[in-house]
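**Q** Per TrEMBL, the features are:
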| type | residues | note |
| --- | --- | --- |
| DOMAIN | 1-209 | domain 'Plant heme peroxidase family profile' |
| BINDING | PRO54 | substrate binding site |
| BINDING | HIS84 | heme b binding site |
| BINDING | THR85, ASP129, ASP137 | Ca(2+) binding site |
| DISULFID | CYS91-CYS116 | disulfide bond |
Amino acid sequence: MKSQVENLCAGVVSRADILAVAGRDSLGGTSWTVQLGRRDSTTASASAANTNIPFLALNLTGLISAFANKGFAAKEMVALSGSHTMGQARCAVFRTRIYNETNIDASFATSRKSNCPSAGGDDNLAPLDASSPTSFDNAYFKNLVSKKSLLHSDQQLFIGGSTDAQVNAYSTDVGSFRTDFANATVKMGNLSPLTGTSGQIRTNCRKTN
């Protein structure tokens, strides 16, 4: 995509904007206006990413706090978590959940173990939403209600806590979920983007100029 854009409009459209637009358009079933004008970073930091992205082992209180630190309410956190209705996770990430946790449907755990042994197979993949892994729908929330979430941090949203009601609501109203997800995604896209003369417009998405 970047090379085609560069051929038409060299040095104008950033990698960051391309990702934002492509991310929206890849979902299907919902849409929002992507605010454009981002510029690309001139550095990359794994430690900064790990510091800013909520840790998968967090409990509900920790998740709410992590999102609140970025200005998001618990409802927005639940909506954004619905992105896990698509995508995959590595065995190493969900092994502890399917072997050691009790708030998980037994048959679901057994089915995941077939591709994720108790030792080895760390890079084996499983869909975050086994029922409709390529559809942007509300199956993720239905999975939470039935204790069929793949990740520990996801199931924390439905453990008898303060976010249960919102999960229940989205599980029965896909339109409400999509609307709230779109609004929260626009807000997330405004978290300190590089604009103006900050950063750069990369000519190659994989590296700085």
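Glycine residues also receive a Cβ, built from the backbone N, Cα and C atoms like all the rest.
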**Q** Excluding THR85, ASP129, ASP137, please set out which residues of the same chain place their CB within 8 Å of the center of the CB atoms of the Ca(2+) site, keeping sequence order.
**A** GLY82, HIS84, MET86, LEU128, SER131, SER132, PRO133, SER135, PHE136, ASN138, ALA139, TYR140, ASN143
**Q** Please give me the CB contact count at 10 A for CYS116 (disulfide bond), counting all chains in the structure.
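**A** There are 25 such Cβ atoms around CYS116 (disulfide bond).
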**Q** If I take the alpha carbons of CYS116 (disulfide bond) and ASP129 (Ca(2+) binding site), what is the distance between them in whole Å?
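**A** Cα-Cα, rounded: 16 Å.
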**Q** When neighbour density is defined as the number of other C-beta atoms within 10 angstroms of a residue's C-beta, which of the binding-site residues THR85, ASP137 has the lowest density?
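**A** Least crowded of the binding-site residues THR85, ASP137, by Cβ count within 10 Å, is ASP137.
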**Q** What mean pLDDT does the predicted model reach across the domain 'Plant heme peroxidase family profile' (1-209)?
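**A** Looking only at the domain 'Plant heme peroxidase family profile' (1-209), pLDDT averages out to 94.
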**Q** Which of the recorded positions PRO54, CYS91, ASP129, ASP137 has its Cα closest in space to the Cα of HIS84 (heme b binding site)?
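**A** Spatially nearest to HIS84 (heme b binding site) by Cα position is ASP129.
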**Q** The residue listed as 'heme b binding site' has how many other Cβ neighbours within 10 Å of its own Cβ?
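**A** So the Cβ neighbour count for the residue listed as 'heme b binding site' comes to 20.
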**Q** Do you know which of the recorded positions PRO54, CYS91, ASP129 has the most other C-beta atoms within 10 angstroms of its C-beta?
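**A** The residue with the most neighbouring Cβ atoms within 10 Å is ASP129.
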**Q** Using C-alpha atoms only, work out the spacing between ASP137 (Ca(2+) binding site) and PRO54 (substrate binding site) and round it to an integer in Å.
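**A** On Cα coordinates alone, these residues lie 23 Å apart.
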